[in-house]
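Novice: Annotation source TrEMBL lists domain 'P-type ATPase N-terminal' at A:5-70. Look at TrEMBL and you will find A:100-161 tagged as domain 'P-type ATPase A'. Summarising the annotation, TrEMBL assigns domain 'P-type ATPase C-terminal' to A:778-1017. Marked as transmembrane segment by TrEMBL: A:44-61, A:268-290, A:818-839, A:894-915, A:922-941, A:953-977, A:989-1010.
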Amino acid sequence: MKRYVYINDDESSHDLYCDNRISNRKYTVLNFIPKNLWEQFSRFMNQYFLLIACLQLWSLITPVNPASTWGPLIFIFAVSATKEAWDDYHRYLSDKKANEKEVWVVKNGIKKLIQAQDIHVGNIVWLRENDEVPCDLVLIGSSDPQGLCYIETAAMDGETDLKTRVIPSACMGIDVELLHKIKGVIECPTPDKDIRRFDANMRLFPPFIDNDICPLTIKNTVLQSCYLRNTEWACGVAVYTGNETKLGMSRGIPEPKLTAMDAMIDKLTGAIFVFQIVVVMVLGIAGNVWKDTEAKKQWYVLYPDKGPWYELLIIPLRFELLCSIMIPISIKVSLDLVKGLYAKFIDWDDQMVDLETSTPSNATNTAISEDLGQVEYILTDKTGTLTENKMIFRRCCISGIFYGNENGDALKDVELLHAVSSGSPDVVQFLTIMAICNTVIPTQSKTGDILYKAQSQDEDALVQAAARLHMVFFNKSGNILEVKFNNLILQYEVLETLEFTSDRKRMSLVLKDCQNGKILLLSKGADEAILPYARTGQQTRNFVEAVEQYAHLGLRTLCLAWRELREDEYREWSLMFKEANSTLVDREWRVAEVCQRIEHNLEVLGVTAIEDRLQDGVPETIETLRKAGINFWMLTGDKQNTAIQIALSCNFISPEPKGQLLSIDGKTEDEVRRSLERVLLTMRITTSEPKDVAFVIDGWALDFALNHYRKAFTELAILSRTAICCRVTPSQKAQLVQILKSCDYRTLAIGDGGNDVRMIQQADIGVGISGREGLQAARAADYSIGKFRFLKRLILVHGRYSYNRTAFLSQYSFYKSLLICFIQIFFSFISGVSGTSLFNSVSLMAYNVFYTSVPVLVSVLDKDLSEETVIQHPQILFYCQAGRLLNPSTFAGWFGRSLFHAIVVFLISIHAYAYDKSEMEEVSMVALSGCIWLQAFVVAMETNSFTILQHLAIWGNLAGFYAINWIFSALPASGMYTIMFRLCRQPSYWISIFLMTAAGMTPILAIKYFRFTYRPSKINTLQQAERLGGPIVSLGTIEPQPRPLIEKDVSTLSITQPKIRNPVYEPLLSDSPNATRRSAGTPFDFFQSQSRSSLPNYSRNCKDN
Amino acid sequence: MDLDSGSSSTVGAGVQAIPGHPARRGALYQFKQQNLPACKPVLTPATVIATFLLMGLIFIPLGLVTLRTSNSVVEIVDRYDIECVPEEYRSNKLLYITDDSISKNCSRFLKVPKSMRAPIYVYYQLDNYYQNHRRYVKSRNDKQLLHGLGDNSTSTCKPLEFSGDLPIVPCGLIAWSLFNDTFKFSSGSSELKVNRKNIAWKSDRDHKFGKDVYPFNFQNGPLIGGAKLDPNTPLSDQEDLIVWMRTAALPSFRKLYGRIEEDLDADDVIVVQLMNNYNTYSFGGKKKLVLSTSSWLGGKNDFFGVASLFIGAFCMLISIVFLLLHVKNPRPYGDATYTSWNKKSSSS
């Protein structure tokens, strides 16, 4: 599908495409209530609660006042609706601001000021310096005589450097006045969200130039939300407007992420729901039987002989309502609340503030903190994530001579300085390429210093270094580049730019040396993209060695090469290039092919080596997190050797005696397959050894592996704790995340650049480093941190605490709901199975809303272990990863506890308040008091560290319970008038409470103490050590082998098969991670005999080092 | 691994000073950094064993005291519902109770086992009587009881809102089924006076039952339930009704009938003249007459004592078990060497 945009033609396209009204709103005033309600009710839990609330309106079956359900329900709905409305109102305001902004548009040949929302496709829009672009435009004019203009795209991709845009050749040189009258047609694709592609054509109608079709690329466009900079004015034709712009299309609400914990809670809720249905059915049947046999004889109940047709349903429905509190309505609100607080704690954390830039950490997604504690795989980018992304030119090799080897800084190498000053032709050429073969824009500041605006840090480093070596690139005006070399000004005219793509891995310039008119091709790129195209006869051995040597030092290398083009060769090629550039289909591929035709026979000049320093604390962070049982994968666009060196220097992989690196390579499908199988075999037999086995794969082989041997690769992925993937594309990064996710591993992706965005969005948790490559990754991410080392704290402290706290909070919520529900069920057995509620409406409502929800909320402050202990013993994270604190088995414990407590409370209240004291309201309050006391003690016992707030909440809540009930007891109109005063005067009440508390808590205390002392979990051991100051014997080096699958037959694994996990993790009793995660051993020597030269392993790399 | 600083229980790691941030200290800051001073209790053997011991030491005496108190209460319980049915109707009690023409008079002789000090509470006890049945417990209208017919919302009184076309005051099943056995006591020749005043809660009389609400159209329908009410006495003075309408939570309950305000000596014989009107025969309920003294714990109830003794004994037992375990198998705290986690540490 294509769209045809008629320039400056108001009529023909007026109605065809939408106007420029931007709308990000989800709701309008009219549809807010129905739409919002509909959205909320599409959740199962809400439907369930609504059904319950509706049933309660039927007074025949409702056990309590319907307000006890409607109140909380309306409250919960109001809260989330208000939040939505608030967000939407802000979206509306910002839309309105954008829509009503005034812009200059040509209407009927006259420039007019109109509101941005009235722009239509085909209109000519005029922009002045620092204006925001209102819609996607194709440039047709600019104040710059060369037709250039500069834009800032920070709002779109987060990159703060200026980008150049150029008007299409067809519009070049049209007079400003004539631009008002320009007519023509632009043929462009239907709107899409790719902000890097715009494959279109333009044809101007006479009298403007001939009928030639002029190709358009993204370089000829300015997109919505960019800013025009350093350009007096520019004008363009609106091609996409409103929500159809590239930005508008790429907008979209990302799918909400669900944590493993939420899934588990949902599962448990489902189980409780089933349990509830069973209870209701049993009690319903029992109730009907009792009614028919007993109640008919009870004359005082006055059962009619013949009931209505629905008579059989009444009792089951009553029980359904009575049991509906089993599923706590407050759990959602409580969880949202504490999750918000977890996120705030991350935002507030002073120890995660990047001191250099004063950027605090930020949790964009407030809902997934618990997942941080359950991470099993971290997929990390290299550049800018592990490293600083502060590129410094360190060494170079020009024509076989190494510079900078002695002192590690080529700029201070006397020999190089000498070579420069003596004007050695190779060196000068080398510097020229360093200085101009790039897309850097030099700008002169007021003080006369030259500042460079570079899109890539590498180019920046090269230009800076060239400038330090007296080759100063100081001006770029249009196609003319000006370079100052030793006070000599050299001018070059750029003829073509062969841009860098990740596939080509090189960029070239075709330019004309204005001094002598020669046409030159300058190239720079990765070694494998340059060296194979060297001039026949040139020895590239030197360069290969240099590249290898530099790579082993962890330096990034680029090869520089050039050649002179003959005039006719250039002409011929130039035509092809133009044609390729104007194709609409597969343009990128065609262009690459054409570029290939000229980039050969190169004279390789040398190799540059750029250092990218590791960030502070990276090795320690990786070591700590690996001890915590987290597996690391490094996904980088860099080359294999560099990646391996960085990996070695940051503890990613261990050097030879301990570690082993297996390489998967191959140029053809078959080779890759064999290599993959070999590595897999090795992996399988070495998993039992205390050795760090890692595999390394490059993008090429990965492509085959992902497309043809996905199953084998998945198996490998599961077996391998460490992997290095080099030369991978953004989509491959995302695919790797997908593979790990498909095996049911919790993945965390961390990166800093635009190429990591897909991986970050794909992973369970995306972490962005707010670094130098712009904010793109940080914006897409769930969490953004300033430095890689904060990851340690994010996972071990925040993730772990969040997991522990939510585990307690969710199970406790079920515990307290079940407790009161069990009492109701027991009571129904002594009330003729008729569905009487023991508790009155006020108590039932307040129980969930006030009495029990406040104390548990302060569990967000609970710390089972101090932060220092956790950081020192990261292995403890295993409890979270394996879900030891929230699983069906721990839940069963809480279920049992609530059953036990219900029995205790019920038996004691009916026996203590028997006969003459068996007044309904009194018994009800005794039982309720028992529940409140017990739950206060349960919270107290499960709290590991009491701050003042915990004391306030737990004991204050208990006092609050009495205060609330005294107030109700003082109101003559209330059903419980005087009851609480009466009870509090009775010694038997206090003795009953004392008995209930003691009977309920002593067994729990005894069990807890027994486990704590005689069957301690690692957490308990550390608690003892931490609090009693005992000797901390090293919890040691658990050999991290979390490979639960190995014990199973690995070959049966298929991609879709999720990770097999024992649902019951033997919590609290058997805590050896190794016991469940270890695999069967195989002799160690086996691999050594298998080792062949085709498996390049570390020994080779290390020897070379 | 670094071993040196694991034992610090103080919170608050070195927070780096960050320029441009005010308020490094203060409770709010500590809260934000999750660094509020906290006390971290730990279950040491000493504290746990001592806690259990203490619990035992509290509960066993408490049990003894409450048991003694309960034993000091003298209670006479007499089940009369069977005995009061004349021999000829024993096989068909229902006929006996539903036939108005048969005299319901009955005499019981109660022997006082121990001397009983005034006040002696007179209760009637019903067993297997579900005052807490949902249909029953809801069938009342508190507004009507307080304000009378002015509030003519009798809907909650189903199924007994109207008799004929007129509303009933007090409406509902509870009032309708009011207990109507009566008791007269005499000891030797003299009549024992039973004080029937102030048997209901004062708060109910003052605030729940209206002073100017009179029974209306009560027990006038074809179905006669229990007692009739004097239409000239306001509801706030109908104490039997007020007591009855405090529904019981258990199927077996006692309701206060009155107080005997003189002491009874041991081996006295009390003659009870009762009218056995109330029908419990149709559903197999039991009727009992209870005379009981009172203590600070209320009536006779061994439950407190037994439960306290049981819990006390349990705590003692646990404390002894834990003590033995601790002596036999002392565990150095913080020693992680015995855990499986560490078994492999020798290899590194």
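Heads up, the Cβ atoms here are built off N, Cα and C, so glycines get one too.
What you see is a predicted model, and the numbers here were worked out from it, not measured in a lab.
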Novice: For the transmembrane segment (A:989-1010) and the transmembrane segment (A:44-61), check the count of CB pairs under 8 Å (sequence separation 6 or more) and say whether it reaches 3 or more.
Specialist: no
Novice: Which residues of the chain, 6 or more past the ends of the transmembrane segment (A:818-839), have a CB below 8 A from one of its CBs?
Specialist: 61, 63-64, 272, 279, 283, 286-287, 290-291, 294-295, 298, 315, 318-319, 321-323, 325-326, 847, 894-895, 898-899, 901-903, 905-906, 910, 920, 923-924, 927-928, 931, 934-935
Novice: With DSSP as the reference, give the number of residues of the domain 'P-type ATPase A' (A:100-161) in helix, strand and coil.
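Specialist: Going through the domain 'P-type ATPase A' (A:100-161) residue by residue, I get 8 helix, 30 strand, 24 coil.
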Novice: Which residues, given as numbers and ranges, are at least 6 beyond the ends of the transmembrane segment (A:922-941) yet have a Cβ under 8 Å from it?
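Specialist: That would be 812, 815-816, 819-820, 823, 838-840, 843, 847, 851-852, 855-856, 859, 897, 901, 904-906, 908-910, 912-913, 954-955, 957-958, 961, 965, 976, 979-980, 982-983, 989, 992-993, 996-997, 1000-1001, 1004-1005, 1008.
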Novice: Mind checking which residues of the chain, 6+ beyond the ends of the transmembrane segment (A:44-61), have their Cβ under 8 Å from one of its Cβ atoms?
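Specialist: Distant Cβ neighbours of the transmembrane segment (A:44-61) are 68-70, 73, 77, 269, 273, 314, 317-318, 320-321, 324, 327, 329, 332, 835.
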Novice: For the domain 'P-type ATPase C-terminal' (A:778-1017), what is the mean per-residue pLDDT, to the nearest integer?
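Specialist: That stretch averages a pLDDT of 91.
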Novice: What are the DSSP helix, strand and coil residue counts for the domain 'P-type ATPase N-terminal' (A:5-70)?
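Specialist: For the domain 'P-type ATPase N-terminal' (A:5-70), the helix, strand and coil counts are 27 helix, 3 strand, 36 coil.
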